[in-house]
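Working notes, structure below.
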């Protein structure tokens, strides 16, 4: 495998396999094992179709420019650029909130395992409860660690977070396999191989379906990967999403399948909270804690840029000026929202805009993102609920709806107004695009309706 292809695979894999893997076993709960595996497979295929469509439509961007969702909107309708910015803002904001929830889940357990392991007399004291309050640690970490990083204009210091993420997820996989093999010490519930029935089905499968969708979402970085390739032919580039999705699929089988079989119906939204305190578990919790602390700024920066773009769009709309270009917008084209190795590229692009725009406005947006993230994180304890909402909105838009829309509008457009026969392969991709677009709309509407009316808890 060529090095640039390998690099692209690792970029997509890291983007997809973030801290959301902690909720993967919980996603199996309303499905049962076999239907869960089938759903995981189907969502993987749909996500792969979206990535393959992106490799097909990248050629419609002029060769002198880098491919991006923003550039493609200029070929269809510049006004829909706000849809892409909204999807990015929702996804990045939601992922940031989920990171803070993970902080609230893990830090009290880390503190308890280190300082209160052998102190049973503290279990009922007021001091004990105060030092194990999740809100305390969310507050401390967002004030002293996350906020300073989010207000930085350079993310170069976070370039090693990608390696930390890969190592953390690999360690988590090993930890889950170990406890699956040695599960006699754990409180295991009923494992359903088919869909749970009766009282055992606490909530609808539609409420956790978006977690499967969210798990494969790496589409916002696909164009950046394509732009880095020397050979941009479909025959070569298609290997990148295929390898990445297949690797992610097997990783999710390990984490999701074995995690569900370990705890059964007792599984919760964050599997790490179920393991007993031990050195190996504490190391895993510390690794995931470090991951989410370093990754939060990588979500805040693109969220901030998207919010700024939306504000500019609204201002232009009120003035009756919908530009045919995005010269006044903060670019997201080359920003990898989860890979710190891409962050310097975005920073270089963002510098001129930061000089022209008021830093005060940028700081206000950053402060609002941090404040609302904090308020939601201390109010919501369900990691699964946040990931389900993000998956049903931002992930479906980025993975299915936008690639489907662009594919249907652009693929085969070169044959419009000509007498040439449209090749069968072009027709297949065009109608695949339409199907993916319809599927994305259906998932969004059905899942959001289920979440709103049926609810999603972490238990």
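Positions of Cβ are set from backbone N, Cα and C atoms, glycine also.
Per Swiss-Prot, the range carrying the annotation transmembrane segment out of 59-79, 185-205, 206-226 is 206-226. Of the given residue ranges 110-130, 131-151, Swiss-Prot assigns the label transmembrane segment to 131-151.
The transmembrane segment (161-181) shares the most Cβ pairs under 8 Å with 8-28, out of the stretches 8-28, 33-53, 82-102, 206-226, 386-406.
Scored on C-beta pairs under 8 angstroms, the neighbour of the transmembrane segment (240-260) with the top count among 33-53, 131-151, 206-226, 278-298, 434-454 is 33-53. Tertiary neighbourhood of the transmembrane segment (33-53): same-chain residues 12, 27, 191-195, 205, 209, 212-213, 215-219, 222, 238, 241-242, 244-245, 248-249, 252-253, 256-257, 260-261, 399-400, 403-404, 406-407, 411, 429, 432-433, 436, 439, selected by CB-CB distance under 8 Å and a gap of 6+ residues from either end. Counting same-chain residues at least six beyond the ends of the transmembrane segment (82-102), those with a Cβ under 8 angstroms from any Cβ of the stretch are 18-20, 22, 69-70, 73, 138, 141-142, 217, 220, 270, 288-289, 292-293, 295-296, 299-300, 302-303, 306-307, 309-310, 313, 332, 337, 369, 372-374, 376-377, 380-383, 386-387, 389-390, 393-395, 397-398, 402.
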